[in-house]
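Presented below is the structure to which this report refers.
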């Protein structure tokens with residue numbers, strides 16, 4: 001199409017409508033970089049508004065997008081925020097996908113949720129929370145990225161359960177070892193009417209269930225970096241969602257379980273988690289054969305240190 005000296009918007013729109021999709025993209029890409037950010041944002045908002053109204057492509061007028069201009073916002077990563085909740089994305093009798101990164105409590109070594117993430121079937125983040133706990137023995141920073149400072153910035157376990165109830169009640173939650181995750185959150189599945197599906201009940205063989213890492217390597221081999229360093233509850237539950245969709249297809253085809261072609265990753269001889277059990281104390285033990293001097297000193301002593309175990 002050709003620009004004319006006497007600029008005519010109606011004629012220009014008519015000419016643009018005659019272009020093929022590729023030609024139209026060429027025009028848009030060739031001109032958009034010359035426009036201010038607020039103009040581009042206004043056009044994006046207008047398109048989203050019309051799509052939400054289920055209008056046909058091209059419906060509406062520029063006047064409708066004029067009041068949608070907003071100041072440009074800089075998004076922050078979820079890791080910097082203790083709580084994200086999208087109530088508008090919570091389904092009714094739908095499917096949600098969950099993952100938890102755990103920390104270990106002092107003395108009892110009970111694993112509790114340090115972070116929790118829930119996504120919907122479109123991979124949209126519905127809930128993200130960092131959960132505050134006292135008397136933590138291990139944060140496993142090389143696996144979880146968590147630390148005392150990070151955990152101290154979170155919401156309380158009671159607040160986390162309240163948010164979970166808003167999200168999961170009446171829905172079906174899917175995960176890998178999902179019952180352990182929900183237990184670490186102290187979430188009441190029965191009283192909240194939440195159905196549970198564990199992908200590891202389906203993806204297993206005679207040796208037992210497959211890890212999420214192994215399932216990701218099998219179904220999505222291009223995701224070479226998945227869980228190669230710190231685990232992320234957000235990326236893990238998004239991967240769970242993708243694998244669960246494969247499971248739903250296989251179940252629909254009549255498969256009771258599936259293991260064909262899935263390989264187990266080699267177990268690490270020593271898992272470096274980044275911290276040690278702080279419950280262990282070095283103590284000096286006295287042998288019955290050892291003599292104690294008048295000053296209380298041990299004439300010949302041996303000391304033993306408890307080796308911390310990773311739960």
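Glycine residues also receive a Cβ, built from the backbone N, Cα and C atoms like all the rest.
TrEMBL labels come from automatic prediction, so no person has curated them.
Values in this document were obtained by computation on a predicted structure and should not be read as measured data.
When TrEMBL is compared with the stretches 268-289, 290-311, the one noted as region 'Disordered' is 290-311. Note on the domain 'Exonuclease' (94-253): its mean pLDDT in the predicted model is 92.
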